[in-house]
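Engineer: Feature table excerpt (Swiss-Prot):
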- 10-40, 535, 544, 563-564, 978, 987-990: FAD binding site (BINDING)
- 1-450: region 'Putative sarcosine oxidase' (REGION)
- 450-1080: region 'Putative L-amino-acid oxidase' (REGION)
- 508-528: transmembrane segment (TRANSMEM)
């Protein structure tokens, strides 16, 4: 019987690499009885710990990764001291250099992106020009526009010494170490015990025996080999790809004129010819004291060989990768012999978002924890500490939700018989970047991994990004080129921004009591910050959520939604309505005692009518044979209408043929596909379909008629294609039973009494400059002549059209922001509601056996879309209110010209009644007998909005959107509201933009603890909406004035988006008339 089988254990660690050893050491040091099992021998090079050096780096773009790296620095010293080995890391510093524009979605983030975190953490750095790089380092032929960032708090890990130290410490603290012990199966026996089946091989490799050993807890730390344990034990496997990374050792020139690398270095350049097999990412180490003099490791940060199982590892190294490195050395480091002395390789396990997997195994009662994937060597002491805390306490003091096993809608897990859900990178091996868009500062509180310690139990996991969010991310990332030019400006004011602002003195003025304003107030109140809401409308709050109640009948359903009325149940909308997310608005309101009553919204039903060209069909009618008479054949012959070949198939097939090209391109070559999408922003939908379909204009007009409102194809094609992707998966829709304004009223009830001041029409926002020359407050003036108000920050949440009437000249806004406020396109939308004595459309007899229980009917008549209520269906005596006309764009402009005065509206109602009767094939007189009242609403003629919802024109997304996400030059005036969000046109855009504005305020004021609380209580937004480089931040005449306002000159929240996105594979078919009419 093997000696190690005699006992039960507190912890068994499966995998004896660096992470496993660090975990075993930490647990044993805490007094636990620990067994560490290694399938091979300790110190073997068959996994990821081969070679003699690794990078310890602290330059990260993401806040949370920078914080973890900073925390690890002290733990490396603690580990070295405990082992009695002294320094385990040689702190040489790190030079990052290369193309400052590299990294818009690339695997390494950006060259300049880490600077904000270095400043926030008080870590030194220096920006170098190309000439300075070549003067201080042995590099040559560096392009003149390239730049460098040197940071001293980085170093070379002495890998052999680290492994030896960890092994020695494990033995020192009583951990049993067993090699040639392969874990075959883990069973969870109870809430407090696991059983592990081990195949143990004798030293001579001849005799194998299987045994079982029990433990209270287990850790799987076998990294590339983890699926060999997970799959047989738990019936699923981790969707990971393993890179066979190659590196080479070159001989540097010796002697008095030796080639000396003073530090580690990393070079950022884009791929040659956009070919990922021609990567230009290279890194290197100086010659280290624990190896032969003048031997320097230099390597390509890419891997042509990628495998799924470590047992498929190739013999030798990949010559392609070595030759790429040799070419670069020959070109840029003439003092190094371009023939490698020798080459080495190591395995690097990776998942779709390039981050760690660090979590409890599901359904094991938190008895089994796992770690795998990512570039982890630099975090070894911290990972050992985290894993030991999870094993001992079931929680850790560090925020690790970014590394959760269930992130990405389960994209990491492949169950038996399933195909992978994620898309792994194909060539490049990202070293230190994540797909998550919002960082989380290390919280001082203890946070369990399966639930949060805050009252709401909110998870900080960043949501999966939609294509629309990815598009915005890319636009924001492209504005980093001038980053280094204003570091000197930041440094001049650094001392002024070194202390935290007083929360007591921090006041926020919110202009507008719509969804964005109310949501911002809820967040600020939760964070303990002062705020006031200034609403222009004396009659109501809620902005473009407007539930009108007809006065004649007071029953529950005598209502009509003149604004937002339906919500798709898709991941994008989680922040609004997902009750499974404790940070969603509906969850917050329910916890406050205001449950939002949702019911299904019927977007379309089979009996809905489609009436075009005088032809009436039902929504479930197939569109294969031109039933609506759009074809040349039905209109007098060739050239009279639409060519037959286009009309004798579902119109959706014609659109899908174009849109699917984007799906295929993004799947097959993300970078190329995304470039195509970016370029498409310059097109209108009409122009793109005409040029790229290519479809004749008659066909484009036909598609627009069937697909959406008249004139909407003149808007940006990028809007069309992103909606197509984002909403393709949405089958379920919701509405609010009793009126959407229940959301608004519930939000108001959660706020402190008296915080909303109605009738406050803002006329001017200006700066108040203190004695120091910094902007100390913003002053808000009002139309009623009352005394202006002072606030530290102002969030404007109304429409940009209404903001246009406010004097902002003193704020010195950027040109692009002023242009956006003036010219950003808002769509026109009109709703006309009719109240009847009864719901005749639900009466089977009245409708000849075809009642309509919700949904919509579509027509080419002026009313265009008729919407039947989804609430109160089938209930006796319920009010008969329907939307007789819901129009957008040109249709809305024309019908809206009759909205306003009573005589015009009487003409309009007669027209609507006639159209309604014609669509439903009933006499107008019959409907007149049932008619009670009407309500018309034109959002363009509304005094307080002057537009329905933002819908960008060609190029506006790429040209104007980035400026809308930034505050004013002093960091105190913030734009929110749906138009400033990537999800404009939807309530979720209002919520996300409000979150972003509050986050910016916390950044400017240096309130990092409140930023952690924000993420803890309110989760993350799925948008990359952090402020980026803009001309407004370069102006040296405007000093930023908050303790942390420097961030707004250089904070680039980079997102490497390639592996994060998966194009939809199965779009909903549009082969029946039910699809006609669009969504908005």
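Heads up, residue numbers simply count up from 1 along the chain you see.
Each Cβ is built from the backbone N, Cα and C atoms, and glycine gets one as well.
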Engineer: The transmembrane segment (508-528): which same-chain residues, six or more beyond its ends, come within Cβ distance under 8 Å?
Structural biologist: 534-537, 541-545, 585, 588, 743-744, 747-748, 750-752, 755-756, 758, 762, 778, 780, 789, 791-798, 976-978, 987, 990-991, 993-995, 997-998, 1001-1002, 1010, 1013-1014, 1017-1018
Engineer: Can you check what DSSP calls residue 15 (FAD binding site), collapsed to helix, strand or coil?
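Structural biologist: Where residue 15 (FAD binding site) sits, the three-state DSSP reduction gives coil.
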Engineer: Mean pLDDT for the region 'Putative sarcosine oxidase' (1-450), rounded to an integer?
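Structural biologist: That stretch averages a pLDDT of 85.
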Engineer: Is it possible to get the count of other C-beta atoms within 10 angstroms of the C-beta of residue 30 (FAD binding site)?
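Structural biologist: A 10 Å sphere around the Cβ of residue 30 (FAD binding site) contains 15 other Cβ atoms.
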Engineer: Look up residue 978 (FAD binding site) in the DSSP assignment and report helix, strand or coil.
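Structural biologist: Reduced to three states, the DSSP call for residue 978 (FAD binding site) is helix.
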Engineer: Once the chains shown are all counted, how many other Cβ atoms turn up within 10 Å of the Cβ of residue 35 (FAD binding site)?
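Structural biologist: Neighbour count, Cβ to Cβ under the 10 Å cut-off: 26.
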Engineer: Name, in the order they occur in the sequence, the residues of the same chain whose CB lies under 8 A from the CB of residue 15 (FAD binding site) and which sit 6 or more residues away.
Structural biologist: 37, 38, 39, 219, 220, 221, 222, 223, 225, 226
Engineer: Using a 10 Å cut-off on Cβ-Cβ distances across all protein chains shown, tell me which of the binding-site residues (20, 40) has the largest neighbour count.
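Structural biologist: Comparing the binding-site residues 20, 40, the most crowded Cβ belongs to 20.
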Engineer: With H, G and I counted as helix, E and B as strand and the rest as coil, say where DSSP puts residue 25 (FAD binding site).
Structural biologist: helix
Engineer: Using DSSP, would you call residue 40 (FAD binding site) helix, strand or coil?
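Structural biologist: DSSP assigns residue 40 (FAD binding site) to coil.
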